[in-house]
Amino acid sequence: MADQDPGGISPLQQMVASGAGAVVTSLFMTPLDVVKVRLQSQRPSVASELMPPSRLWSLSYAKLPSSLRSTGKCLLYCNGVLEPLYLCPNGARCATWFQDPTRFTGTMDAFVKIVRHEGTRTLWSGLPATLVMTVPATAAYFTAYDQLKAFLCGRALTSDLYAPMVAGALARLGTVTVISPLELVRTKLQAQHLSYRELGTCVRAAVAQGGWRSLWLGWGPTALRDVPFSALYWFNYELVKSWLSGLRPKDQTSVGISFVAGGISGMVAATLTLPFDVVKTQRQVALGAVEALRVMPLNTDSTWLLLRRILAESGTRGLFAGFLPRIIKAAPSCAIMISTYEFGKNFFQRLNREQLLSP
């Protein structure tokens with residue numbers, strides 16, 4: 001097979017192996033991803049950032065029918081895009097029926113409250129979008145990584161030590177650019193539990209307001225999170241895998257070694273890049289605010305300004321919001337993904353050898 005890589009399998013077989021790993025990983029890890037997104041998206045109401053509360057009330061109250069403008073009447077504004085807005089003309093809580101949106105105090109609290117108030121199925125919200133995004137993206141990413149690493153090492157463009165870092169960064173940069181719109185859709189589904197119709201309205205409004213570039217909202221922080229993550233992950237993975245392989249007999253399977261090396265490398269990379277994950281989540285969750293309130297945002301902060309604002313508002317803890325679910329997700333998901341991928345590659349290697357030996 002002339003198109004096989006040095007590992008003995010073709011790019012198509014690499015894509016099948018990595019795609020299967022993406023499906024298995026998504027099924028196991030989506031609940032943790034949902035909890036992470038919910039924890040990270042907890043912040044002051046988007047409405048309060050767009051304009052002062054007094055102006056927001058005056059604009060909303062002026063549009064009410066006269067029958068609802070009498071003293072003491074309250075309005076619960078909810079269009080499925082933003083969190084409900086509780087509006088009262090005298091500034092008091094004059095209605096006991098209104099309950100504040102659910103707040104989460106931690107990972108286990110989020111799990112319990114999501115299941116109790118929204119049902120178990122909510123933990124897998126956004127799974128279809130996740131699969132549509134992750135299967136082709138992961139297949140392209142892992143295949144590109146292996147091909148780039150072989151190319152760099154084969155032509156001595158970089159040392160074998162740093163080839164995984166360079167190949168991982170380049171492969172992830174291309175993948176992030178292609179899947180950024182689907183990442184935005186998945187984040188909205190998980191964070192605000194929108195129906196697909198509401199999500200479509202939200203996306204169309206954003207495109208009408210900011211053009212097609214709005215679909216790449218969050219590309220900057222996503223790239224800042226994923227490209228360094230990929231570089232760190234593959235660099236550490238190859239080092240840990242090489243070290244562990246030297247401790248075990250060569251005739252033993254490498255899948256277990258890949259599982260351990262992938263988990264350790266994923267945990268380290270996830271910790272170092274978590275602040276950019278928080279920025280990416282908060283920026284993407286804000287999609288739809290303009291459509292819901294019919295107002296223009298005061299400004300669009302850069303990634304670094306958002307980092308400083310989060311640090312000023314919530315301290316270091318805010319930059320590492322969702323730390324536990326991200327680490328709990330990153331370690332096993334990286335371990336499952338890479339070990340499944342290695343298992344698939346081993347399977348195709350054996351299959352190819354048998355085909356070569358068969359008459």
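Just so you know, glycine gets a Cβ as well, placed from its N, Cα and C.
What you are looking at is a predicted structure, and each value in this text was computed from that prediction instead of being measured.
What Swiss-Prot records for this protein:
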- 9-151: repeat 'Solcar 1' (REPEAT)
- 159-243: repeat 'Solcar 2' (REPEAT)
- 253-347: repeat 'Solcar 3' (REPEAT)
- 1-14: topological domain 'Mitochondrial intermembrane' (TOPO_DOM)
- 36-121: topological domain 'Mitochondrial matrix' (TOPO_DOM)
- 143-164: topological domain 'Mitochondrial intermembrane' (TOPO_DOM)
- 186-214: topological domain 'Mitochondrial matrix' (TOPO_DOM)
- 236-255: topological domain 'Mitochondrial intermembrane' (TOPO_DOM)
- 277-317: topological domain 'Mitochondrial matrix' (TOPO_DOM)
- 339-359: topological domain 'Mitochondrial intermembrane' (TOPO_DOM)
- 15-35: transmembrane segment (TRANSMEM)
- 122-142: transmembrane segment (TRANSMEM)
- 165-185: transmembrane segment (TRANSMEM)
- 215-235: transmembrane segment (TRANSMEM)
- 256-276: transmembrane segment (TRANSMEM)
- 318-338: transmembrane segment (TRANSMEM)
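Under the criterion of 3 or more C-beta pairs below 8 Å, with sequence separation of 6 or more, the transmembrane segment (15-35) and the transmembrane segment (318-338) qualify as touching.
Contact counts against the transmembrane segment (165-185), taken as Cβ pairs under 8 Å, peak for 215-235 among the stretches 215-235, 256-276, 318-338. Sequence-distant contacts of the transmembrane segment (318-338), counting only residues of its own chain at least 6 positions beyond either end whose CB sits under 8 Å from a CB of the stretch, comprise 18, 21-22, 24-25, 28-29, 32-33, 35-37, 39-40, 42, 106-107, 110, 138, 233, 237, 258-267, 269-271, 274-275, 277-278, 281, 307, 310-311. Beyond the transmembrane segment (215-235), the same-chain residues lying 6 or more positions past its ends with a Cβ under 8 Å from any Cβ of the stretch are 145, 162, 164-169, 171-173, 175-177, 180-181, 183-184, 187, 203, 206-207, 265-266, 268-270, 272-273, 276-277, 279-280, 283-284, 287, 302-303, 306, 334.
Across all of the topological domain 'Mitochondrial matrix' (277-317), the predicted model scores a mean pLDDT of 68.
Within its own chain, the transmembrane segment (256-276) has Cβ neighbours under 8 Å at 221-222, 224-226, 228-230, 232-234, 236-237, 240-241, 244-245, 248, 303, 307, 310, 319-320, 322-323, 326-327, 329-339, 341-342, counting only residues six or more beyond its boundaries. Only residues 6 or more beyond the boundaries of the topological domain 'Mitochondrial intermembrane' (143-164), in the same chain, are considered here, and those with a CB under 8 A from a CB of the stretch are 5-7, 11, 14-15, 18, 170-171, 174-175, 230, 234-235, 237-238. For the topological domain 'Mitochondrial intermembrane' (339-359), same-chain residues at least 6 beyond its ends with a Cβ under 8 Å from one of its own Cβ atoms are 1, 4, 7-10, 13-14, 16-18, 20-21, 24-25, 142, 253-256, 258-259, 262.
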